[in-house]
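S.K.: Pasting in a structure now, in structure tokens, and then I'll have a few things to ask.
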Amino acid sequence: MEKLKIAGGYPLKGTVRISGAKNSAVALIPATILAESPVTIEGLPHISDVEILKDLLEEIGGNVSMTDEEMTVDPSTMISMPLPNGKVKKLRASYYLMGAMLGRFKKAVIGLPGGCYLGPRPIDQHIKGFEALGAQITNEQGAIYLRADELRGARIYLDVVSVGATINIMLAAVRAKGRTIIENAAKEPEIIDVATLLTNMGAKIKGAGTDVIRIDGVETLHGCRHTIIPDRIEAGTYMILGAAAGEGVLVDNVIPQHLESLIAKLREMGVRVETSDDQVYVDGSVNLKAVDIKTLVYPGFPTDLQQPITTLLTKAAGSSVVTDTIYGARFKHIDELRRMNANIKVEGRSAIINGPIQLQGAKVKASDLRAGAALVIAGLLAEGITEVTGLEHIDRGYSNLVEKLNGLGATVWREALTKEELEHLKNT
Ligand SMILES: CC(=O)N[C@H]1[C@@H](OP(=O)(O)OP(=O)(O)OC[C@H]2O[C@@H](n3ccc(=O)[nH]c3=O)[C@H](O)[C@@H]2O)O[C@H](CO)[C@@H](O)[C@@H]1O
Ligand SMILES: C=C(OP(=O)(O)O)C(=O)O
């Protein structure tokens, strides 16, 4: 096991290229199960979630080859192998295997998913959707059993706007008989990306990216080639980093429209942000103003950037309130930021940040993926050396992090944990 060491205080400058979107990749890879000939996905990020999903597709008999950022999946040899335990537990998105395997095989057994602990992460809306399509579902000893004699299109109203449920229902419905209508659907760019792949595979989907999606089921789907969208959360993280410690950071391979809520907030704080077709330039060498932020479904401010922007707000003059309406317990990073001298308190679903404060290097632990991003930004801003453990979370979602940061002029490196540190981590 390793830790990340960061020598803080160096100004960041230069260009960083954004990788393919994790939250698309984790749905696109399971979606390949639905085809009957090889599917190639280009531009995948180097992250552990992609590796684990590749292994899971192989476990169910798929033939998967991967070269750098390109994965080709031949799903023709796959079988409906039960996956009650093991790697499915390692990531939240293994729940997309439910929709994809149900669509292709009309049955699936999938262990209840893991992923970052952000408070309760129910899947009742996914289950409601599958049931509406005609599946019988039981929960036995921590695994979900799904079976259908046939899947029939249905009208499904989501009680909460959920990215996961929207995609999962779409995956099952593309091979159901007749028309499915998902109402109150989520509108995130990753949903459009998955719908684009499915459409290239021969599915008939209209309305992805709006709150009503219509799907006309088809008998079979075929292989195709698909290029993934850039990761708006990775891009947002580097934009925040540029605003925190940057003297001109150019974020390349990004769709600026996906980040309008963040761009608006950075400008409100006084940061200079310029956009072009596929780049965003951020100059943070200004005095920052406090702002209030509320996370919302897309196109609102993303919950996945709530933790990183909290670190930036420690540098802003005044009192900022950050409220997470999606995951109200996504505040595990706050105690760690306090250890670094931040003045933040949590009240209910909100963090109240008082600044400006000079952060100090410390030994901190990432409890989840975006907490990790928040602590890395803090380390870059802090005086002295910061050591971040819990890298297994960061590795789920940030492709080539050390190389990208050092490319911007940071001094960051990975080091093996000592025996004492390993022992200490086991006991905390
Ligand atoms: C709307 C939103 O911001 N979604 C984010 C959420 O997606 P993720 O897919 O995890 O969450 P959903 O979009 O599915 O859920 C949104 C909200 O609905 C609730 N819910 C969801 C499904 C369900 O069956 N029942 C239910 O009550 C969740 O608890 C949550 O409060 O986290 C991902 C990883 O951090 C982000 O990439 C997504 O952008
Ligand atoms: C929490 C995240 O991922 P997951 O839902 O896959 O745990 C995230 O992408 O911020």
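Glycine residues also receive a Cβ, built from the backbone N, Cα and C atoms like all the rest.
TrEMBL: automatically predicted annotations, no manual curation.
Straight from TrEMBL, here's the annotation block:
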- Cys116: active site, proton donor (ACT_SITE)
- Lys22, Asn23: phosphoenolpyruvate binding site (BINDING)
- Arg92, Arg121, Pro122, Ile123, Asp124, Gln125, Asp304, Ile326: UDP-N-acetyl-alpha-D-glucosamine binding site (BINDING)
- 8-405: domain 'Enolpyruvate transferase' (DOMAIN)
- Cys116: 2-(S-cysteinyl)pyruvic acid O-phosphothioketal (MOD_RES)
S.K.: Say we define neighbours as other CB atoms within 10 Å of the CB. Which of the binding-site residues Asn23, Gln125 has the fewest?
M.R.: Gln125
S.K.: Which whole-number value in Å describes the distance between the Cα atoms of Lys22 (phosphoenolpyruvate binding site) and Gln125 (UDP-N-acetyl-alpha-D-glucosamine binding site)?
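M.R.: Their Cα atoms are separated by 22 Å.
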S.K.: Around the Cβ of Lys22 (phosphoenolpyruvate binding site), how many other Cβ atoms lie within 10 Å? Please give the count over every shown protein chain.
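M.R.: For Lys22 (phosphoenolpyruvate binding site), the 10 Å Cβ neighbour count is 24.
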S.K.: Going by a 10 angstroms cut-off between Cβ atoms, which of the binding-site residues Arg92, Arg121 has the sparsest surroundings?
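M.R.: Arg121, out of the binding-site residues Arg92, Arg121, has the fewest neighbouring Cβ atoms within 10 Å.
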S.K.: If you draw a 10 Å sphere around the Cβ of Pro122 (UDP-N-acetyl-alpha-D-glucosamine binding site), how many other Cβ atoms fall inside it, taking every protein chain shown into account?
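M.R.: I count 11 other Cβ atoms within 10 Å of it.
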S.K.: Hey, what's the widest CA-to-CA gap across Arg92, Arg121, Pro122, Ile123, Asp124, Gln125, Asp304, Ile326, the UDP-N-acetyl-alpha-D-glucosamine contacts in the record, in Å?
M.R.: 22
S.K.: Drop a 10 Å sphere on every Cβ of the binding-site residues Asp124, Asp304 and tell me which sphere holds the fewest other Cβ atoms.
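M.R.: Result for the binding-site residues Asp124, Asp304: minimum number of other Cβ atoms within 10 Å at Asp124.
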S.K.: Would you find the one among the binding-site residues Ile123, Ile326 whose Cβ has the most company, meaning other Cβ atoms within 10 Å?
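M.R.: Result for the most crowded candidate: Ile326.
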S.K.: Looking only at the domain 'Enolpyruvate transferase' (8-405), what is the model's average confidence as pLDDT?
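M.R.: Summing pLDDT over the domain 'Enolpyruvate transferase' (8-405) and dividing by its length gives 96.
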